[in-house]
Amino acid sequence: MMADTTNAALAALTDAVRAGAIPVAGHSAKVLPGGVFVAASGPVADGERFIPEALSRGAAHVVASPGTVLPAGATAELVVVEDPKAALGVLAAARFGTDRMAMPVAAVTGTNGKTTVTYLIERLATAAGRKVGVLGTVSYRWPGVSRDATLTTPDCLAIHENLAAMAAAGCDLAVMEASSHAIAQDRLAGLAFAAGIFTNLTQDHLDYHKDMESYFEAKAGLFRRYLADPQNAVLNFDDPFGRRLLEEFPEALGYGLTTPPAGAPRLLAGTVRSHGREGQLLDVRHGDAAYAVASPMPGRHNAQNVLAAMGAALVLGLPAAAFAALADCHGAPGRLERIANPRGLTVFVDYAHTPDALENVLGAAREFTKGKLFAVFGCGGDRDRTKRPLMAAAVARFADVAVLTSDNPRHEDPLAIMADARPGLGGARRAVAEPDRRRAIGLALSAMGPEDVLVIAGKGHETYQQIGDVKHPFSDAAVVRELTGCA
């Protein structure tokens with residue numbers, strides 16, 4: 001069949017999808033008879049390669065890039081578009097009605113802090129009487145539904161389907177984490193966010209983005225392409241990349257703990273009045289308004305997370321009275337989460353798996369540690385190798401005892417991963433290597449005294465250890481409880 005290359009063809013198909021609930025697929029294996037297949041290319045595969053499979057499954061419409069030709073004898077409609085990924089977003093929005101829903105959606109991006117900030121926004125909105133849905137690293141959840149997350153940010157169709165389900169369940173606000181991969185791969189296509197929050201940018205994912213500038217460009221895409229109103233950007237001016245975004249979007253709301261940039265008209269400026277193991281008290285100013293905000297989460301990075309959530313609340317129109325709810329919000333599971341145990345030891349698990357995150361978490365723990373600070377950590381396999389010695393150096397800087405172990409080795413040799421990290425431990429006061437993560441945790445626990453603190457970093461909320469393609473049951477928190485006699 002001849003290709004229809006006009007925008008009118010996509011518009012007509014979009015109307016048909018909306019009116020007839022025609023199924024849409026971006027993966028050939030998920031095509032249903034009479035449905036649409038969008039041949040969008042991914043980071044490793046050309047979508048056009050899968051058109052024959054989609055046709056064999058009964059695709060009646062194929063959306064593809066210029067130059068695409070259907071196999072001889074194919075009767076499906078070919079709609080040619082310049083950007084198949086954008087077209088997938090348009091069709092997904094029509095299929096699930098997300099382009100016409102009243103529910104606002106906020107997105108949080110950044111290297112670290114995304115999950116905690118989404119939890120804080122959820123708490124603030126709930127305190128304000130809103131029904132909230134969340135898509136993030138820990139789970140996809142809304143009233144009556146909670147399931148483990150498969151990706152921090154799911155694929156385009158899944159995002160729209162989940163958002164539609166939230167709206168149908170009565171949610172009047174959705175909050176989601178937007179990973180750099182998702183932004184770069186156009187998984188957010190078809191969405192216009194009511195608020196966009198930037199936490200920070202530090203080294204991570206350079207196996208994918210190759211360099212920090214490319215990584216920044218991916219994150220910036222959230223604000224350049226998907227934010228409905230630049231005034232609803234909430235940007236961390238403590239972070240140099242956040243300042244760059246604030247220069248690009250001067251109408252945005254800037255937040256931070258340091259001296260604000262000159263000329264920024266809209267600011268949420270905080271100072272830490274007091275802090276300790278049990279949390280902190282912040283003094284926050286926004287224009288002529290002043291707030292005293294308590295949080296049970298320790299650490300300067302968590303003070304920034306609190307400010308990010310407050311900023312999001314303000315641009316979303318939530319009442320400032322909701323800020324009081326932060327006093328009982330402990331953030332996300334596995335984020336500097338204290339693990340109760342029969343021995344009364346001070347043990348935290350944390351998801352920190354970047355140099356900056358380790359510095360933040362261990363720096364916070366260092367401030368309230370009276371005895372020795374122990375740190376158990378590892379580096380993930382099939383991920384940015386260049387950050388491994390930097391992670392080790394961060395641990396060596398703060399910990400009295402560094403225990404290097406295995407994290408999620410995936411398809412790499414755990415010992416080779418540890419060898420990559422080991423040079424960073426050159427300045428450590430004491431360093432131990434134990435590839436068995438359970439034994440490594442046991443070594444630290446057995447050496448602890450009553451005034452010591454242990455941070456087990458890297459996995460946080462995760463309940464598995466991935467070796468090869470297999471996810472074996474494993475929880476740092478459960479191991480702590482077991483080894484201290486709680487299990």
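Placement of Cβ uses the backbone N, Cα and C atoms for every residue, glycine included.
Unlike curated entries, TrEMBL annotations are predicted automatically.
If you take the C-beta of G110 (ATP binding site) and look for same-chain residues 6 or more apart in sequence within under 8 angstroms, you find I197, F198, T199, N200, L201, K219, N236. Residues or ranges marked as ATP binding site in TrEMBL: G110, T111, N112, G113, K114, T115, T116.
What TrEMBL lists as meso-2,6-diaminopimelate binding site is R383, D407, N408, P409, R410, G458, E462. Residues within less than 8 Å, Cβ to Cβ, of E462 (meso-2,6-diaminopimelate binding site) and separated from it by at least 6 positions along the same chain comprise G334, Y351, N408, F474, S475, D476. For the recorded site, E462 (meso-2,6-diaminopimelate binding site), the DSSP three-state label reads coil.
According to TrEMBL, the feature domain 'Mur ligase central' maps to 108-313.
What TrEMBL records for 334-460 is domain 'Mur ligase C-terminal'.
Per TrEMBL, the feature N6-carboxylysine maps to K219. Within 10 Å of the C-beta atom of K219 (N6-carboxylysine) sit 24 other C-beta atoms, taking all shown protein chains into account.
For R410 (meso-2,6-diaminopimelate binding site), applying a Cβ distance below 8 Å and a minimum sequence separation of six or more within one chain yields G380, G381, D382, R383, Q466, I467, G468.
Each of the binding-site residues K114, R383 was ranked by the number of other C-beta atoms within 10 Å, and first place falls to K114. Cβ proximity to the meso-2,6-diaminopimelate site centre (mean Cβ of R383, D407, N408, P409, R410, G458, E462, cutoff 8 Å) flags the following additional same-chain residues: H353, G378, C379, G380, G381, S406, K459, Q465, Q466. Sequence-distant neighbours of P409 (meso-2,6-diaminopimelate binding site): residues of the same chain at least 6 apart with a C-beta under 8 Å from its C-beta are G380, G381, I417, Q466, I467. Here the binding-site residues are G113, G458, and the one with the most other Cβ atoms within 10 Å of its Cβ is G113.
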